[in-house]
Amino acid sequence: MKFIVKPHPEIFVKSESVRKRFTKILECNIRNIVKSRTESVAVFNRRDHIEVTSESDEFHAEVLEILTHTPGIRHVLEVKQTEFKDLHDIYEQVLELSGSLIEGKTFAVRAKRRGKHDFTSIELERYVGGGLNQAVESARVKLSKPDVTINVEVTNDRLNQVLASHKGLGGFPLGTQEDVLSLISGGFDSGVSSYLHIKRGSKVHYCFFNLGGPAHEIGVKQVSHYLWNKYGSSAKVRFISVDFEPVVAEILEKVDDGQMGVILKRMFMRAAGMIAQKMKIEALVTGEALGQVSSQTLTNLRHIDNVTDTLILRPLINWDKEDIVNLAREIGTEDFAKTMPEYCGVISKKPTVKAVKGKLEAEEQKFDFSILEQVVQDARMTDIRDIAKESKQAAPEVEQVQAVEEHAIVLDIRSPEEEDDNSLEIDGVEVKHIPFYKLGTQFGDLDQAKTYLLYCDRGVMSRLQALYLQEQGFNNVKVYRP
């Protein structure tokens, strides 16, 4: 197994020292993730590309998944590497591997060369292409928009034939930019805005203002853990949970109805700014888009920004909702967001779309700011890697079993894609497939006289979902870990 990783082109327009630093960070990021999930896979930095190799194909799918979801990579090439003697030997090897692919089709050969050879890249393309054209009678050379492009790379005495090319995330390697604190609610917008900053190279820490109790927090932790695990697991990041119910209660009791929405957002920014200052983070990230809701007009956003000196980044400010949802679907957060409750919208019945500074300040004079200071002081900070462990500690009553008891039903809560790749079948046991993101709405329709064992590959999502269901009053759930 061998992959050639091509860094994002923006890295190579940097100065020599910056380019070296960025590619070194990318190399370390890849190595850290690969080491944590596989065995006997080596990572090498080759100046303008990174090689990931192994003597076996055991972890092929896992490594490809890692590389195509790691920021800073333009594309990933799967290659077959062999030694060669001369130009004709290269042609024969290419014919053996690719001859059948060009039958009845147009083709072109694209070659790259590094090292000292007695032929140029153009001569290599002409020799191999001409040979293939003669050897495969039904094939025809076409240099512009061919049906098949055969990519060949020669490095010193090694021939790399490209078997497949996979698109990477692009962006910058994680850790090349400064850390940010994302205000995450679990909805479409905050998940996408967090992803965009991960992709751009920032370590994204997550700040959650809890308005909906334990069930809401569990859902947001799932989204945050998913984003970190899928796109940023080379970084150590924090999840901060702030119990904002006392602040909401104070607003509901003392603040004029029309000003509630903007003042709540101002309280969010004040609290997040305090937390960012403690963590020595220079910027906050939100999923706000211009005009999407009443608090997101230009006037209101300006009033919201003015309560903190911390920079507020809004990567989605000019995005349409449809585009946000489409990207959420692409990155895998849509299903979380669809089942996530929305609490902020119920705060104000007649929200102002053009707040006045004097009115806001007058209403905030009624507010007891010691409550805000206290909830920030009581904020819980968790290493995001410990979310799985925390779910065990938070719900010790969630029983974990290795064998299926009589009459119990196993619920496979993996995504449809995971279930299709490796379906769960147990002799003599009924197995139902309900994706985790539909469990909250469909579990109540099941026969509650039965016991249900939740199953996922690693046991993390099953524990979190079991905790969620128990918070909803269902006590007939356990975690299945065969």
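Just so it is clear, glycine is given a Cβ too, placed from its N, Cα and C backbone atoms.
Note that this is a predicted model, so its numbers are computed, not measured.
According to Swiss-Prot:
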{"type": "DOMAIN", "residues": "61-165", "note": "domain 'THUMP'"}
{"type": "BINDING", "residues": "Leu183, Ile184, Lys265, Gly287, Gln296", "note": "ATP binding site"}
{"type": "DISULFID", "residues": "Cys344-Cys456", "note": "disulfide bond"}
{"type": "DOMAIN", "residues": "404-482", "note": "domain 'Rhodanese'"}
{"type": "ACT_SITE", "residues": "Cys456", "note": "active site, cysteine persulfide intermediate"}
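This view paints the features noted in Swiss-Prot onto the structure.
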residue	record	DSSP (3 states)
Leu183	ATP binding site	strand
Lys265	ATP binding site	helix
Gly287	ATP binding site	coil
Gln296	ATP binding site	helix
Cys456	disulfide bond	coil
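When every Cα pair among Leu183, Ile184, Lys265, Gly287, Gln296 is compared, the largest distance found for this ATP site is 16 Å. Here the Cα atom of Lys265 (ATP binding site) is found 37 Å from that of Cys456 (disulfide bond).
Each residue contributes its Cα atom, and for Ile184 (ATP binding site) and Cys456 (disulfide bond) those atoms are 25 Å apart. Counting other C-beta atoms within 10 Å of each candidate's C-beta, the recorded positions Leu183, Ile184, Cys456 are led by Ile184. Across the domain 'Rhodanese' (404-482), the DSSP tally of helix, strand and coil residues reads 28 helix, 15 strand, 36 coil. Cα spacing between Gly287 (ATP binding site) and Cys456 (disulfide bond): 30 Å, rounded to the nearest whole number. Gln296 (ATP binding site) sits 39 Å from Cys456 (disulfide bond), counting Cα to Cα.
Every protein chain considered, the tally of other Cβ atoms within 10 Å of the Cβ of Gly287 (ATP binding site) stands at 25.
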